[in-house]
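> Relevant sequence annotations retrieved from TrEMBL are reproduced here:
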{"type": "DOMAIN", "residues": "64-125", "note": "domain 'Peroxin/Ferlin'"}
{"type": "DOMAIN", "residues": "137-170", "note": "domain 'Peroxin/Ferlin'"}
{"type": "DOMAIN", "residues": "801-862", "note": "domain 'Peroxin/Ferlin'"}
{"type": "DOMAIN", "residues": "873-906", "note": "domain 'Peroxin/Ferlin'"}
{"type": "REGION", "residues": "412-442", "note": "region 'Disordered'"}
């Protein structure tokens, strides 16, 4: 890890730097002034001194900063003098810039400030285009402006040459004052400063954005800062909607400011061409009762401190959404916060004024884990290794007022003798409970440092003999008019580390050897630390060892005993105090935020319709009570304008993989987008990346809704047209009357595996049938497929395979010359097409349904087509499209035949195969929880049309034991069993059959009716059977309900669900839409209307 610097300012205005490879604070010896605050980047550090002027410290490097000044000398030829400086009135200046529009004589060039120096005098550049010119450096042309050459020609009427002079920046590794002289009104004295913006653009090299706040609350921007001009050019005022007290600029385009009233401002419109931005947006304070006093921004983070010193983290912040989405309270009380490189966070504690580092900040968890103090000594602390009086004085200050050492230079006096003499004639001593408590100054404004250092000249030379030094105009946490320096109270509360608050400004060395410095400001903008960095800042014990050596030379046994008692009391008091202050520490740590980002493509489904490269981010945060929520963002740029879309994780209703030949695509639905049939479509670069995103988003959605583990027994199961399996946990509000929960608000989560049909009941018995007619039973696990780790169970996950056929059609038209041929009419369908004829599908370009499938056979003619075929597999018709038949007639001018090729899928999921009979349909008895130990009736239709009944099926053994064949007169294609053991079936010829007197115990008995709703589907039409009663369970007649229906399912409480096609949304039609029947009542069993939910499903 390369070395970089952390900068800090103590309460005395001294500037220190701490290297990432070092173990001590190095004082900046070149600072002749006291500083209020600094703002650092990797190449330099900006600061505001107590004279309110801005200073710059540029780090020295092997390559000096040199700037080339140039001007051009122009001449014109005339017959009398030849080439001379007598130019035409319309010509350019004799001395000008390269364009000739600006007058630039040699003596007009001045150094920008006293921090620059000339390297040498002006000289002529005798090179032109990398080649040497004739002596004198002249280049020739026909006229101004024109193309110049180094050779003089007969028509060369003008010439010019370039003069060069270099100036060098000399003020490196020292504080250089930035000149404030400029045209127009000068800025007010500055109060705050922030540097950043180096990631906005790479040109010019080293470009920076410097923002400053004046004492009157105005915001200024320093323009023209780059590598060759580190000081910048001019101050430009930026208008604000109110008075600003503090500002923060990140490495990229984030700029936040704090208003006097406690609100925050966010700068929008910052770009490469306009680094100042365009407008301000007001963001409310994290706490409505308490305003903000400080803000710090990074690349994707914003931290804030309110007036009660609470720390807040802003979630959802990035360049596309600079305002973020909400505040999260964090642990700790800080005076100020600073965000450095890689969004690392630094702070100064309100309690002990130590510098703290936020541990655990990563790209995926920007809020970090905990605060840890940076405990390293200062460079002048290394010399305190002897048993000097000052060392013992420091030790006495640390361990309390029971032990005191006599010293003329000490600010502590002897309690036994000298203190009594010193207190004669002094005000009466307070009781222990009333003893004044020294406090660390609470720097909430710049008045503290400025007043502190402004009186230092008068304080020099004063020693402990001055009994009552006073600080004027100092903002203290508890105002104390008289801080006695000569005495120290004996209470335990005044003998801890906080006793260093009793300063004597006249001392040359403000801190004792073992006292930690009190910091006022910290800046990590130039400190390159990441989550993997190994630092030695938290292991330093040099200062403590030095103090122990000094103390061990003069400590008596009596003092040791007193110290032990004192230390024990102080540690007990300190533990009690910290427990009270941080009793919610563990809970607050859980209030974390993690972010995952990636590059994807997003389908822009409005004009212009196209795939766009976007940045996709998922941000999840946990609340104080352990609840989790999140937001997903899509950031894109359109017409050079940054935009974004967002959706809350708890509003996502389903994540669906989408079949696409060229892209790995998935869709994100919310309730509103479900109504519109208008999902968010995203495409990942690879299949693995898509699966990673789907697994992550699925876990986040489940966390936000408190759903964990396998589906419940009452879950609603469904499969998509692709074969993916989804479940939804029903809620009581789903069937609430008269206002049930809308179907589009149901949340569906994916379960591993692949099925064509799924059936379930309320006892948790779930069966499925694959495309190859293999029967599968649910094992009770969850996950599988692309779900890994915590999102998948380790047990009850098995390998699952499925085989399906892909079909294409060969089409031909008859003509009198050649007969049937593949040359059709211009209006005909493709000669190789899908079933609709609208899409061209040849043997060469037809691929498996998705990359998960692999071919397991070659193309072969399929003879099992509805309507029959001839010996060669052809079907005939009068025209495309029409009703096809298997024999040729005189009116048949077109024909087609179907080709099939098998492909295989291998995946994993909580499914076990039920051999050996292939099935085409299955139905399970919809029973209640009271039947938990009873046998569950399960009927099925084999692939050949046989009716089967599964024996031994219970909630504990859902796979059952064996099949029982039920005789029929003809093959069947569909079957369903109702809540009163009523079995209805549809034969292949369309006839409906009813089988009564069926029960689990006695097939001849008829149970009490619990379900009177009987529905069926014929040719996509949904029909309802009227007149079904206990005495006449067959019913009387059929009534048409809806069309475009694929599948229907009836629950144990007469809930009716269907899968419908051609459901109209606000933007498009959808197929395979889940629909719920509303208004189903005992007096109105067929219901009233449909409630439409998610699309692209198959029940």
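Using the three backbone atoms N, Cα and C, a Cβ is placed for every residue, glycine included.
Give me the local environment of each listed feature.
Long-range Cβ contacts of the domain 'Peroxin/Ferlin' (137-170) within its own chain (Cβ-Cβ under 8 Å, at least 6 residues beyond either end) map to 58, 64-77, 83, 91-92, 99-100, 106, 109, 111, 115-129, 131, 230.
Sorting the domain 'Peroxin/Ferlin' (873-906) by DSSP state (H, G, I as helix; E, B as strand; all else coil) yields 0 helix, 18 strand, 16 coil.
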> With a Cβ cut-off under 8 Å, give me the same-chain residues at least six positions beyond the ends of the domain 'Peroxin/Ferlin' (873-906) that come close to it.
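Counting only partners 6 or more residues beyond its ends, the domain 'Peroxin/Ferlin' (873-906) has Cβ contacts under 8 Å with 723, 754, 799-814, 820, 828-829, 836-837, 843, 846, 848-849, 852-863, 865, 867.
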> Summarise the domain 'Peroxin/Ferlin' (64-125) by DSSP state, stating how many residues are helix, strand and coil.
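So the domain 'Peroxin/Ferlin' (64-125) is made up of 3 helix, 24 strand, 35 coil.
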> Compute the average pLDDT of the predicted model within the domain 'Peroxin/Ferlin' (64-125).
91
> What does the DSSP secondary structure composition of the domain 'Peroxin/Ferlin' (137-170) look like, as residue counts for helix, strand and coil?
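Once the DSSP states are binned, the domain 'Peroxin/Ferlin' (137-170) shows 0 helix, 16 strand, 18 coil.
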